[in-house]
Amino acid sequence: MMPTASTDWDLSHFWEAPHRPLFLTSFFCALVTVAWWPLGVSLGLPAPQFEPVVLWHVHELVFGFVAAAMAGYLLTALPNWMGLPLLRGGALKLLLLFWLVSRLTIALADHLPLWLLHIFNTGFFLLLAGVLCHQFLLARRFHKSWILVVVLAIGCAEAVFLHTALEGSHSASLNLARTAVIGITLLMTVIGSQAIPAFTNNWFMRCGRTELLIPSMPAARNLTTGLMVLAMLGMTLTQFDLAYGALICAALTLLWIMSGWRTATSLRNPLLAAQHLAFLWLPVGQIAIAILWFFPEIYPLTTALHTLTIGAMSGLIMAIAGRAAAHQGNGDMQAGKGFMLGALMMWVTTCVRLAAPLAPHNSHTILTIAAMLWCLSWGVFIAGFLPAICGPVVRPVLSGKKHPTATHLPSPKPRQ
């Protein structure tokens, strides 16, 4: 929704909600990281001072872009769940300052002491965990406090990544980044497997299609979570056969859950279509990288990881964060052109990036096209998101007006 005449480009409320600065900077981080390397460097720009530069690329997309989007989501959704005010003002500015300085220090990592990198980069995750812990204590509601463990675990992974990368253990740092990616997909799986059916059911209720309501499957969701935790533990303990075996089982369980999501019907709603299609990359990517661990000659495992990093992570960040710009005056939500085009282009980007190993003689050209599509998709998406940072904050930020019974998920029915 575009701002009204009275609030056109009014930024006086910019610091009143965490999703505004954190989502916006995460989007720009995604765009600038790839625009700088590989695109900018190939055109003659100086490379980031973090050798090898591919590790800078990995760090910024996993621990920069995704971390800021994760912070924006958690600091927006958790207060809504717990009935607390949104983080705002000085505390929000301090958190963003840590994140921004982290981007600068990482770009100059080869010339800075490791302790300085840790102060800001690891410090960002510690500060985020501290803010979340304070909110749990204020609300005295701890059933989602496991999120703290995930945030701290990602922060620890970031700290060890920096240490191993700058000490020359490049393969160890890449393995650690892979584990962090699985950890982030765990968080996205837990949140998305509840949020996407809830958003979808709300739309069904508002359309009067109660016969389509998606059933809750808590046992299957808990099984998926447990299997993904087992996969992460296996990777951490270098028991990779166990880890990737568990990952295949988790993905198959997730596909079973998704089979009841009425995705074909949901595709009529662009906001829901983006969520369903991005979430689909999670089990597809998990199965792909697990199979490639056992049969590495089929396809490059490092390329297959882009099913998760581009398809699932970036796609879901767009699909969820973009809802903040979809509010309508009547309480409904409607996807804008920037949202729809950006999400569609991200799906195309994923497919193009995955095609590179299939045409080795043209792989450089394909990689360049994928990088350009990535940047273009984020540019279009950012343009469509800008109205969400203007004027008074609309709450709930990521949801429209709920139907009175839309939050209830029926029990699963026996499958025929």
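Cβ atoms here come from the backbone N, Cα and C positions, even for glycine.
Marked as transmembrane segment by TrEMBL: 21-41, 61-78, 90-109, 115-139, 146-166, 178-199, 219-237, 243-261, 273-295, 307-326, 338-359, 371-394.
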Legend entry - Sequence-remote partners of the transmembrane segment (90-109) [C-beta within less than 8 Å, at least six residues beyond its ends]: 15, 18, 21-22, 25, 29, 48-50, 56, 59-60, 64, 67-68, 71, 116-117, 120-121, 123-124, 127-128, 131, 162, 166
Inset, instruction - Would you confirm whether the transmembrane segment (371-394) and the transmembrane segment (219-237) meet the contact rule of 3 or more C-beta pairs below 8 angstroms, pairs 6 or more apart in sequence? - result: no
Inset, instruction - Take the transmembrane segment (219-237) and find every residue of the same chain, 6 or more past its ends, with a Cβ under 8 Å from one of its Cβ atoms. - result: 175, 178-179, 182-183, 185-186, 189-190, 193-194, 243-244, 246-247, 249-250, 253-254, 256-257
Legend entry - Contact call for the transmembrane segment (307-326) against the transmembrane segment (21-41), three or more Cβ pairs under 8 Å: yes
Inset, instruction - Would you mind listing the long-range same-chain contacts of the transmembrane segment (21-41), meaning Cβ under 8 Å and 6+ residues beyond its ends? - result: 14-15, 47-48, 53, 56-57, 60-61, 64-69, 71-72, 75, 92, 95-96, 99-100, 103, 314, 317, 321, 324, 367-368, 371-372, 374-375, 378-379, 381-382, 385, 388-389
Legend entry - Listed stretch, out of 115-139, 178-199, 243-261, 273-295, that has the most CB pairs under 8 angstroms to the transmembrane segment (338-359): 273-295
